[in-house]
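For reference, the structure is listed below as structure tokens.
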């Protein structure tokens, strides 16, 4: 009898350790899937939408550095850019944009998935049956492998994820902004540009404008992600959209959330551009004073210079990134389910 008890104890502990290992492996797979899906969707959006970033930076830089006399429409800036460097000039800074967006969104999505599980809550009618399953800590996932999260927790999740991603890619952002406005240096790739920036301006140069960048990006992500998840839940319950594929809900949710978040954070974005284009000083006070003087010249509309290209970019970026991300993550969810099912079957043998 004693021997049987010991055998049972050993087998139960091995099953427990095996299930813990499977949970850890599944979590690791989900993190990798989030990062890969985020990188893929981010790179795609960076290549397609780079012209909107170039136009926005030029519009903002013209006003901030040269005053009211350089204020131009989107069409005028587009014609001027094409006249100077051809259609190819609209894609100036694409390489640092790809690295920045791919790495930034990959990190952002990975942090989102990790924190979504921490903040996730089980709601009525939301069970772990079918294709879903339980998560460590008592949370549950739906049939698409997603954790349900409240708007307040979504706000915190989006903000924290964006702070980490923004700080990580800040040096690349500075180089990208300057290349878009001043043009790329001949025979130098963006890595060499980052090294030159570090050598000339030090650590402060690498993180020039990081505070207004955070002040722009973090509220954007917090507002966007909170609205996005709230609209996803509401649209899922709407009778007209109940039979529609998930991609329709993704399109509507992402575009509406992008408009609100972009217009709300536009003033901080123009302050970021001002800081990153200024070579003379790294003083936040000086940059704020210069922006204030421009506001006195042009009025309140100074804060919204370049908002047209930025809103356009954010809408289509949100649609591309979140739609592609959700579809890729859903596809990988099937693969992850098969892998874990196979592992369970092998352990059962």
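Note: Cβ is positioned from N, Cα and C throughout, glycine not excepted.
Per TrEMBL, the features are:
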- 10-19: compositional bias 'Low complexity' (COMPBIAS)
- 1-20: region 'Disordered' (REGION)
- 29-118: repeat 'Solcar' (REPEAT)
- 149-234: repeat 'Solcar' (REPEAT)
- 245-331: repeat 'Solcar' (REPEAT)
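Counting residue by residue with DSSP, the repeat 'Solcar' (29-118) contains 83 helix, 0 strand, 7 coil. Within the repeat 'Solcar' (149-234), the DSSP-based counts of helix, strand and coil residues read 73 helix, 0 strand, 13 coil.
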